[in-house]
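**Q** Attaching a single structure in structure tokens format; questions to follow.
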Amino acid sequence: MIIATLCGMGFGTSMMLKLFIDDILKAENIKAETTPWDLGSFKGNKADIVVAPVDMEPHLRDYPAKIVLVKNLVDKGEIKEKILRAIDELSHAEGGKTI
Amino acid sequence: MDLYELLVPEAIQAKQELADRTAVIQRAGELLAAAGAIEPGYASAMQRVMDELGPYCVIAPGIALLHARPEDGVLRSCLGLITLKTPVVFGHSTNDPVDLAFALGALDKQSHIRALAQLAEYLSQEGFLCGLREAATTDVLKEFIYSYSRA
């Protein structure tokens, strides 16, 4: 499973998100690859789940992955709940919905 | 590089009164440029990023993490912080208004990551946010943030 985190440039916000998600996955013993993306170049890339700040939603319409939108990017509780739900739903093979 | 090494003391200011997000970005840029950490044009680049990509840089309620690209004039990895006396609207759908504005200059995509991870961790701690918001003067703010990030 590939989990991408998205921001404008691929090394600030998206990197913070990636680091939090790495911690969550490790604690939950879930194996997945996490990768930070930037808005300029992500469309050619493939991921199962894309995690992004809530205001980036317009950029992700029609993108073929499960989309997770986060409001508070330093709220580990929000990130954990949403990412685990997305992984769970994906494992039940029902992609394409926004959380 | 740890957070306390990324922080530029001359670019930390408490309880500033700034009119709007443009003024916040300009001030953050001026402070980092005066410290020799970025070129003066970096502020316009941060403004352009906000105009083009939207206010997603408001990463949490009241907290903005401003930055542009390494090639926009970063001379060394750096982080400034301005706290605002009167919170400023950035245009975010859920996290406005902003009273903590961080400005990051990244020299490349890697060297600041450890410090950024520490910042993200601290920002998830209520005690850190309270300390930043309660600091009434620049000296108190600097003292708090350095002692917190060295602890």
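Using the three backbone atoms N, Cα and C, a Cβ is placed for every residue, glycine included.
Heads up, here are the entries from TrEMBL:
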DOMAIN    B:5-148  domain 'PTS EIIA type-2'
**Q** Please list the DSSP helix, strand and coil residue counts for the domain 'PTS EIIA type-2' (B:5-148).
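**A** Its residues fall into 65 helix, 39 strand, 40 coil.
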**Q** On the 0 to 100 scale, where does the mean pLDDT of the domain 'PTS EIIA type-2' (B:5-148) fall?
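**A** The predicted confidence over the domain 'PTS EIIA type-2' (B:5-148), as a mean pLDDT, is 96.
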